[in-house]
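Comments concern the structure below.
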Amino acid sequence: MSNPSLLILPGDGIGPEVMTEVKRIIDWFGAKRDLAFDVEEDLVGGCAYDKHGTPLHDDTMAKALQVDAVLLGAVGGPKYDNLDFSVKPERGLLRLRKEMDLYSNLRPAQCFDALADFSSLKKDIVAGLDIMIVRELTSGVYFGEPRGIFEEGNERVGINTQRYTESEIDRVARSAFELARRRNNKVCSMEKANVMESGILWREVVQKVRDTDYPDVELTHMYADNGAMQLVRAPKQFDVIVTDNLFGDILSDCAAMLTGSLGMLPSASLGAPNADGRPKALYEPVHGSAPDIAGQGKANPIACILSFAMALRYSFDQGDEAARLEAAVEKVLADGVRTADLLGEEGVTPVSTTGMGDAILAALDASL
Ligand code: IPM
Ligand code: MG
């Protein structure tokens, strides 16, 4: 049997640096765990624009549709701020999400014990936090038509459309309920049913899916603004949160910051299963391209490494190996190894991106 295939898209800014560490981890699993991958690498974002005049070449898109999983670093940077909207680096990422039909975006917000002091909230509010945001990723106001900037009388009007079909809500709700069953069996759905019809439909469909097929899962509903408030007031009340594309974008940044370390959070974007039962999938850190520190060897590679752990779990059915990698990361943090974004304790000298990779590889070796 051939090896499972991975397409690696390091992208822009710190993307290539953090991905270099992930590639070393991938090699480690090949050498030490008999888990080899066929890896191809390509361009996305600004670097693809520089080479091809488009943030995602059609050949790259075609490859992404063929492989078992895509790993992405980050896209964007100030150099591309003034590009036409249609060729901005972000459009490359949005095209991947849409054409791979990655409707379910899993964004865990987990507070590592060793880092609870880094949160802007009090330690006891966040210590032990472990929530999962399931963000709908291929519809809603990000993609709804009509959209654009139009002339209307003697002025212009900017239009975007929030649009959800029942089936789009149904499938992402199922994905949230399935996850909840493997966690603490609780889902909170967030929308603005008090002001938006799409929110009324969202609430109805999520409730129906639960009543019909997941009666064992506890479901609550919250207006998204209240949800944002509750996330900073008492985040541990949540287990799984399911929400639409735009609210999910905002709420997941908010949840990420609770953990005090945006540089630590991975994500998985999953689509419908292929014939072999594997979901189409793209894994990426939640952090962006951080152009201010790019190329300096300062970036924290942990979010990208944990994204590969999610790939092991959700694409390759290697939950034990994912847990091994996650435990190695936790060990390194407990030992006090810190990249520059995690400083704050007295007398700690930061390690470089490579230094963090070295420490995690050593912890992996020690796990054998
Ligand atoms: C994210 C980002 C993207 C989004 C951008 C880069 C298009 O903020 O993944 O959360 O808005 O979805
Ligand atoms: Mg975002």
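Using N, Cα and C of the backbone, Cβ positions are placed for all residues, glycine too.
R107 is the only one of R107, R147, R233 that TrEMBL places in the substrate site (with R97, R135, D225). Within 10 Å of its Cβ, the residue among the binding-site residues D81, D225, D249, D253 with the fewest other Cβ atoms is D81. The distance from the Cα of R135 (substrate binding site) to the Cα of D249 (Mg(2+) binding site) comes to 7 Å.
Neighbour counts of Cβ atoms within 10 Å were taken for the binding-site residues A290, A294; the minimum is at A294. Counting other C-beta atoms within 10 Å of each candidate's C-beta, the recorded positions F85, Y142 are led by Y142.
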